[in-house]
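Shown next, in structure tokens, is the structure this report addresses.
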Amino acid sequence: MTPAARLAAAIDLLDAILAGAPAERVLTNWGRSNRFAGSGDRAAVRDLVFDALRCRGSFAALGGGLTGRGLMLGLCRAEGRDPEALFTGLGHAPAPLAAAEKAHLAAPAPAPEELRASDWPNWLLPQLRTDLGADFAPVSARMQARAPVFLRVNTAKTTRDAAQAALAAEGIETAPHPLAATALEVSSGARKLSKSHAYETGLVELQDAASQAMLALMPLAPGARVLDYCAGGGGKALALAAACPEAKITAHDIDAARMRDIAPRAKRAGARITLAQPGQVTGTFDLVLVDAPCSGSGTWRRAPEAKWALTPARLAELTALQGEILARAAGFVAPGGRLCYMTCSLLAVENEAQVAAFTAQGLWHSLRALRLTPCEGGDGFFGAVLARV
Ligand SMILES: C[S@@+](CC[C@H](N)C(=O)[O-])C[C@H]1O[C@@H](n2cnc3c(N)ncnc32)[C@H](O)[C@@H]1O
């Protein structure tokens with residue numbers, strides 16, 4: 001496919017997504033019904049679609065409208081590509097520019113800070129400005145770019161240097177990342193990863209560097225009993241198992257289906273993780289981790305659709321749920337144990353305010369907390385370690 005044909009495909013897909021269809025489904029269906037498109041084409045079209053969802057506000061403003069075509073015109077303008085050379089109507093290229101489009105593209109663009117702000121949901125802007133303070137502008141700029149691909153080295157099986165060498169031998173170039181001693185940032189060859197020997201034999205796992213940095217917060221003694229109360233696909237449980245192979249780790253989630261990948265992932269990693277059925281946790285634990293359901297605002301570079309789907313009502317539901325889960329999970333902490341609360345959110349209402357509300361009852365206090373934003377390289381993340389008063 002030519003670059004112009006890829007733009008034309010992305011325009012159609014974005015129109016379907018803007019009409020309410022989920023991006024992943026739209027992309028999968030397009031791949032199935034356009035078998036001529038090779039893996040390079042599919043990846044390029046996917047990147048165009050996700051770039052446009054991430055920068056939806058600014059591309060629409062630059063391109064002249066919130067439509068697939070407006071977004072792709074905005075992308076061309078943001079990247080300094082000449083739309084007239086691509087929108088030619090020849091072959092599979094998008095139709096040539098109309099007079100009104102030419103006039104819009106020739107008019108001065110809004111100021112960069114106005115464009116960056118428009119890539120957040122408008123209703124959330126006051127909250128974000130308050131919560132991020134001086135970090136608002138740099139975080140907004142980071143959130144417009146694609147997230148890096150990070151790996152966690154499974155230190156139960158190998159070292160970071162050895163994992164890096166094994167990956168390089170398979171054409172996957174990486175560099176150590178300062179956020180965590182286990183983190184490697186992939187600089188090329190990311191698409192080879194899932195079929196690589198290093199990945200299949202559990203030397204590395206996909207995990208954001210900020211997520212890895214959060215694990216350093218957690219007190220882990222050999223033999224500790226650990227409960228990952230909101231385990232999902234087991235990212236945190238697996239990292240805990242790698243950091244402390246002697247720990248006795250139990251994974252739990254309200255939705256058993258979400259935990260279905262834990263067994264194969266643990267097998268690959270050589271980790272032992274016990275699964276608890278929803279609501280069937282028994283006993284007490286030295287460490288209880290609550291990686292709470294949240295807005296995911298710290299991960300919106302990777303999941304930009306979620307950014308536009310969040311509503312004030314959903315955020316209120318999530319914060320209420322976070323408080324309930326924290327209170328329930330606290331009941332599983334053994335005397336002298338620790339409760340660790342985490343989110344991948346940038347919003348204080350899900351982070352500091354949640355910890356403040358929990359500790360205000362006077363039964364628990366916060367020992368330490370860590371807040372990371374994409375300015376440190378990884379996703380936005382928050383973690384706090386709590387102990388009984
Ligand atoms: C942020 S995700 C967990 C991600 C996971 N820890 C990881 O690292 O891959 C939050 C999880 O909380 C689960 N959850 C939601 N409500 C819950 C509840 N009341 N009790 C336990 N888990 C819950 C969701 O099903 C979801 O899998």
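Here the Cβ of each residue, glycine as well, is placed from N, Cα and C on the backbone.
In TrEMBL, annotation is done automatically, which means it is predicted and not curated.
Feature annotations, courtesy of TrEMBL:
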type: DOMAIN; residues: 139-389; note: domain 'SAM-dependent MTase RsmB/NOP-type'
type: BINDING; residues: D253, D291; note: S-adenosyl-L-methionine binding site
type: ACT_SITE; residues: C344; note: active site, nucleophile
Would you count the other C-beta atoms found within 10 angstroms of the C-beta of C344 (active site, nucleophile) for me?
27
Using C-alpha atoms only, work out the spacing between D291 (S-adenosyl-L-methionine binding site) and C344 (active site, nucleophile) and round it to an integer in Å.
8
Which secondary structure state does DSSP assign to D291 (S-adenosyl-L-methionine binding site), in the simple three-class scheme?
strand
CB neighbours of D253 (S-adenosyl-L-methionine binding site) within 10 A?
22
